[in-house]
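Reading through the structure tokens given below for one structure.
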Amino acid sequence: MSWFEVAPGAPFGAEELPYGIFTTPDSEVRRVGVAIGDQVLDLSEMAHSAGLEGEVFQQPTLNPLMSLGPEAWAEARHLLQALLTEESGREIVEPHLRPAGSVQLHLPIEVADYVDFYASEYHATNVGRIFRPGGAPLTPNWKHLPIGYHGRAGTVVPTGTPVVRPNGQRKAPDQEEPTFGPSRRLDIEAELGFVVGVGSTQGVPVGVDAFAEHVFGAVLLNDWSARDLQAWEYVPLGPFLGKSFATSISAWVLPLAALDAARCPLPPQEPQLLDYLRGEVSGYAIEVEVWINGYLVSTCPYASMYYSPAQMLAHLTSNGASLRTGDLFGSGTISGPAAEQRGSLLELTWNGSEPLLLGGEERTFLADGDEVVLRGRAPGGPNGGVIRLGEVSGRITPAPTS
Ligand SMILES: O=C(O)/C=C/C(=O)CC(=O)CC(=O)O
Ligand SMILES: [Ca+2]
Ligand SMILES: [Mg+2]
């Protein structure tokens, strides 16, 4: 029971308590807030009267809060939960609530390094069939290590940021020479992103069991991908400009503790992995919906991923590479076994050969003006409810002309 009543249709309940960075019309100072129902609680204002250490909440990013570590994260979360539950909390909280519609949200974290994985067997199999027809869909290493690539931290943008169609080199197999121009195969990738709070020491790997000591929370992530640029450039070093122009994340970072009830085992891993990747293999029963121009085109089950986030983190640091506060790592495109569970248009339209119908309009890849929204939810909320991850959106604007 809580004195706080969640308005019907609010983006969050009273349980998620995700953190974000916001400003208001009366103060342009970026500061930390927590989303509750359809309100934003200004923690920079409330911290003092609530007995919270105020400094980390009067910051333009969540990084200082994230760097404090799991004990401090749990303490802040428990205090917030108590304030929202106990009647005595009402007078402390209420003066600092703002309607969510009245605040401007910003990039919640200062992104340190950005890495993206390739952890869905269904996605990797589909992409292998499309990009490398005739060969084995999965590369020989796929079931031995979580494949990833280093992305571009500086082009991670918050939800709502327009995405400019990239120009680049593209060469279709039937063309003699490459040309430079706007991508004709602009795509999405529905993913979860994990945000590192506590860094690690260079030379010292982070074990599979140390995930919760380092990872602060999760966001929704759209790894925009220009498939024509990617297909031409990626051999042999992997994605470069085809994915570096923009990566969108949700504005609210859901603390891992909010997802505890949604934890689930992942599918069996065969053949057995090397020791440093072995341990409890759990993921989250999160579903990520893909909406394009208001139409639901896919519902992607994170529970069907092959590698767990803890295994990805262990692999990422297994060579001694260190973590920093603000590191972001993507799950890889989330695709399930069914056609309507695929997390990219590349797969949903089978490389453009099977267009989708959105209302009366056909789509293979994204057109200028299209708006993509990813929404995430998991079972496990109280009373049979759901845990929500908010949303990440972006609209395509035309490529610059030279
Ligand atoms: O298999 C390939 O050559 C390319 C794969 C991708 O584009 C996927 C990627 O970025 C990783 C992922 O999101 O799963
Ligand atoms: Ca990706
Ligand atoms: Mg990207």
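Every residue gets a Cβ built from N, Cα and C, even glycine.
Look at TrEMBL and you will find 16-108 tagged as domain 'Fumarylacetoacetase N-terminal'.
The domain 'Fumarylacetoacetase-like C-terminal' feature in TrEMBL is assigned to 116-376.
Marked as Ca(2+) binding site by TrEMBL: Asp116, Glu189, Glu191, Asp223. Secondary structure from DSSP puts Glu189 (Ca(2+) binding site) in coil.
Sequence annotations record features per position, and here TrEMBL assigns active site, proton acceptor to His123. Sequence-distant neighbours of His123 (active site, proton acceptor): residues of the same chain at least 6 apart with a C-beta under 8 Å from its C-beta are Gly332, Thr333, Ile334, Ser335, Arg342, Gly343, Ser344, Glu347.
Per TrEMBL, the feature region 'Disordered' maps to 160-182. For the region 'Disordered' (160-182), the residues of the chain that approach it from at least six positions outside its boundaries are 105, 224, 226, 228-229, 231-233, 241-242, 245-246, 248, 251, 368, 393-400, 402, judged by C-beta separation under 8 angstroms.
The annotation Mg(2+) binding site is assigned in TrEMBL to Asp223, Lys243, Thr247. For Lys243 (Mg(2+) binding site), the same-chain residues 6+ apart in sequence whose C-beta sits under 8 angstroms from its C-beta are Asp116, Tyr149, Gly151, Asp223, Trp224, Ser225, Ala226, Gln230.
Ligand 3 lies within reach of Asp223, Lys243, Thr247 from the binding-site residues Glu189, Glu191, Asp223, Lys243, Thr247, judged by a C-beta closer than 6 angstroms to any of its atoms. Close contacts with ligand 2, defined as a Cβ under 6 Å from any of its atoms, occur at Asp116, Glu189, Asp223 among the recorded positions Asp116, His123, Glu189, Asp223, Thr247.
Summarising model confidence by region, the domain 'Fumarylacetoacetase N-terminal' (16-108) averages a pLDDT of 96. Listed in chain order, the residues near the Mg(2+) site other than Asp223, Lys243, Thr247 are Asp116, Gly151, Glu189, Leu221, Asn222, Trp224, Ser225, Pro239, Ser244, Ala246, Gly330, each with its Cβ within 8 Å of the site Cβ centroid. Take the mean position of the Cβ atoms of Asp116, Glu189, Glu191, Asp223, the recorded Ca(2+) site; other residues of that chain with a Cβ within 8 Å of it are Ala190, Leu221, Asn222, Ser225, Lys243, Thr247, Gly330, Ser331, Gly332, Thr333.
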